[in-house]
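Have a look at the structure below, then the notes.
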Ligand code: GLU
């Protein structure tokens, strides 16, 4: 591949970025990095009616959180900027005029009312209304008016649009993922390229910018596949080389039926956005970041939505993804979103982290809840003992909360199973054993207590279960002597005494 790979992610800032959009950005990023190319962010904000405050910042923050920053884009001006279409407004009209000159476009003066009537008439005849070669001569446009009539209308300030006039032929287009497709262009409509408000439509702005920004590959969602023929025709009509195209498969609901939507996430309890979205006057939506997911896990999961490495390997760092990525391994059928698999990726990434990294996050979470944790070192050791069983930092409260706060309640089932009539006496005797022990390491405590149990010829469970219950409040947790050693002899004794008081 040539060294000049330039790809772009071109979202419209109409709200929070769906994870499908993040997947598109990721595949563009991977493709760019794989080929030492450039990854560009272009904000397609020509439709001011759909513009949503904060959406652009959200997009940038999402890419940064995923560790897939853009090389060129808003705030990172390269030679091809500006990167917001609203700041490129004045560039588009000349191309619309060039198309008119080339005979590939025309002015149309039809009013919204006239078009509505035409649509109603078509519907009355059970036809879908389409404005193209079969009826364009019935409308008010520069193909039916004389040059001076057109001029007259413009001079008096009539609204007009510029429409495309597709050449009628069998068009062969090639998609890197779908391969060759044959299109009968007589089925296309005469798309509006330039609107009466002086702004281009998506189609014109998109191809002009891709051309001016020297985009080599357009990698985008499958919902744009139906526009590809029009885009290719536009390039042809402007005598420009078209970029290569790759349309990524849709992300489907967990059931496999239809596109994944925010509603699916709400219903089944998973986010469909990378970050939380909390508009001032609007509905709040959850995000992967705030739900405790690691960006590495989210990226890994997204990579597998529509791509596969062709091997059994499933855990990939971003660098490994860059090395392995190729469009040849992108599927052409929809990718089912699987919330359980997403959790699995998170779990895999979570346990791989250093104890100190998880420890820092957990310490912060403890602090936020006003729980004293002593030192970070202590938290790190605790994390090392329980990390394997956690998927999120939040899980550590349940798995390890007792290291920081003594139980005040005891799990009822566990208590009735482990605390018998003679337990209080046994526990009192054990307190004496623990107090006598000089070595208060986990091994030291274990040797002392286990030695004593053997001496007394008691069953292990009779002692170990109530001991655990006293320290933890339930019968779960890591090695009980690790716990005792970490919280210290004094606290261990205090907790046993409390249990005796409470359970009798
Ligand atoms: N602005 C379009 C979108 O919102 C871009 C489509 C494309 O990549 O061409 O997805």
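Cβ from N, Cα, C; glycine included.
Where the annotation comes from TrEMBL, it is an automatic prediction and has not been curated.
Values in this document were obtained by computation on a predicted structure and should not be read as measured data.
According to TrEMBL, the protein carries these features:
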BINDING   262  ATP binding site
DOMAIN    5-344  domain 'Glutamyl/glutaminyl-tRNA synthetase class Ib catalytic'
DOMAIN    372-500  domain 'Aminoacyl-tRNA synthetase class I anticodon-binding'
MOTIF     11-21  motif ''HIGH' region'
MOTIF     259-263  motif ''KMSKS' region'
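When Cβ-Cβ distances below 8 Å are used as the criterion, the motif ''HIGH' region' (11-21) is approached by residues 43-45, 47, 50-52, 55-56, 58-59, 62, 202, 221, 250-251, 260, 262, 271-275, 277, 285, 287-288, 298, 302 of the same chain, each at least six residues removed from its ends.
Remote same-chain partners of the motif ''KMSKS' region' (259-263), defined as residues 6 or more beyond its termini with a Cβ less than 8 Å from a stretch Cβ, comprise 18-20, 250-253, 272-273, 285, 337. Per-residue pLDDT, averaged along the motif ''HIGH' region' (11-21), amounts to 96 for this model. DSSP assignment over the domain 'Aminoacyl-tRNA synthetase class I anticodon-binding' (372-500) gives 92 helix, 0 strand, 37 coil. Secondary structure of the motif ''HIGH' region' (11-21) per DSSP, as helix, strand and coil residue counts: 3 helix, 0 strand, 8 coil.
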